[in-house]
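One structure below.
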């Protein structure tokens, strides 16, 4: 952690990493204009019966749709990118880089990726353990994506990253003062502008350089990143969610987006007969499941910050109120309520498991490991008698390492589609 923070706050080292140098890190023949215009989609039905039409950006003007319907259109767009990608592209990346990147540029990129890895190791320990099982190239790409995720999705939330991180990482962009981290709408607008520049091959700093290099290699679309920033905007003005439809959209913004970003890096097995859309749906489900787990784990911490990430209407159904959450007492009503919330999170994990078998051989083990490790947090909440007010649920090291051979065994069994109607297109 010290190494990461030292680099971030050292002005001389940052200053030497100029914009010109950053631009040189991205292979020239990978830089190309990308169009992110919204396109209308014909009505399609997913494996869960969700329909999509029109673009996500025009949802406000159209008749009301559920959050799941709005999100599914993004799923379709990401899947379309993978379909258009030539199968040989990912295999040629390493060879191409060897031919086009100078030794100096390669060293700088390696340093950028290593910084992202250190951030993941410090602030997402369970996730980081899973990445160590990936191939080096995939591991670095996921670190770059997750580095952006850590910063944007949780800068206002303690679900993953302590708030003090905001005052140490890119303070000029994220905070008004070193002791009072505060993200403004204007700061998020600047982030979105930088995001566009990053996708055009013009990174601002070392962390941007790693992500810019990653998106130049894989068919990753900018929309999930923009949606992640939208989740930050939502966090600025919302501290309550009236129903699960609202909460679902928030979970997509801050975590489901990462699932969509990761599929191109993980890769779909050539022998998979599942539709590309169904694999993306499973990745989305894993992101939703992880975020629901974060929320259930952190109820007490969020309450102390005046936030409640639980559906208000469902709380009312069990005779619970905001006051009950702030008082932090485990009652029988609370236990019954929590059982239902945990059951729903596990349903999303179950849906996610269907897609793991469709991933490439090299990705199944780490994804299975991450899924099983995170799922055990729900077990820990139950073991704590649903006291997520004063006790933090976590998975001990012994259980983490015990999960690895189980994950490996499931990875070896992969390859057979678990989707009801395999129609790979």
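Every residue gets a Cβ built from N, Cα and C, even glycine.
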Legend entry - Correct range for transmembrane segment (source TrEMBL, candidates 201-223, 224-246, 247-269): 247-269
Inset, instruction - Quick one: sort out which of 141-161, 162-182, 288-308 is the transmembrane segment according to TrEMBL. - result: 141-161
Legend entry - Positions whose Cβ lies under 8 angstroms from the transmembrane segment (247-269), at least six residues beyond its ends: 67-68, 70-71, 74-75, 78, 81-82, 85, 90, 138, 141-142, 145-146, 149, 153-154, 157, 214, 218-221, 224-225, 227-228, 230-232, 234-235, 238, 241, 276, 279-280, 283-288, 290-292, 294-295, 309-311, 358-363, 367, 414-415
